[in-house]
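> Got these off Swiss-Prot a minute ago, pasting:
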- 17: active site (ACT_SITE)
- 142: active site (ACT_SITE)
- 100, 101, 102, 103, 104, 105, 106, 107, 108, 109, 110: ATP binding site (BINDING)
């Protein structure tokens, strides 16, 4: 379709991510943490729709509970693209929110990345991939990964990305009944920030960990309980700063069986890895 004809982009995927491991290896003078992590994309996530406006207004067609428009990453992403390009067009944005908030699955960051990618297309602003990635970093450390659009080994504050070739896999993701503020975990005095850096060739789930997990579990025991429950079936750990935990399983049948046995106090989903972001072809 000629982009000149576009007035609407519907059901644009904003996939979840897993941190297969997450090491905190230092802290910059400006307070940002230096990380090493392996990002993995999943076939499960939010979906966003964008309707072109000619009055320059960016409006949410759906509210996000507890989040004002000024603090909504989707709205901020749209306005950032407007400001950066001088675009006078606007958009009505609808978010079908499927990922749990405060879960460590990158939902807000993924929504922001999809907004930048989709509106760059809808508005025909012509921002190239590297510039779009730099804009994403201004919104959050995880946003560049979703614009990068494939499994990655990440360093720096999460913005130094290298492709990571991983075999396909099935996962079970479990959400305990808590929401974890990322800032709280990274600001914790007990968080260790001196893990020895590893090389990309050394990456293996058996020799890595999530440095944020112990802090999150001490403050939110429900996370530790969810890990213990899931670990009955396969090695389990937390993703991101929590609260969701995950385990890799052998097959879709195994994933479905575990999800079906999930206690009522938790929510559980099956998810499959994907080779690349569904919108990667839109990033120039």
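Each residue, glycine too, has its Cβ placed from N, Cα and C.
Map these features onto the structure and tell me what's around them.
With a 10 A radius on its CB, residue 17 (active site) counts 26 other CB atoms from all the protein chains.
The Cβ of residue 142 (active site) has 17, 106, 109, 110, 158, 240 as same-chain neighbours under 8 Å, each 6 or more residues away in sequence.
According to DSSP, residue 102 (ATP binding site) sits in a coil region rather than a helix or strand. Remark: residue 102 (ATP binding site) has 178, 179, 180, 181, 182, 242, 243 as non-local neighbours, by Cβ distance under 8 Å and separation of at least 6 in sequence.
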> Could you tell me which of these binding-site residues, 100, 104, 106, 108, has the fewest other Cβ atoms within 10 Å of its Cβ?
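Across 100, 104, 106, 108, these binding-site residues, the one with fewest Cβ atoms within 10 Å is 100.
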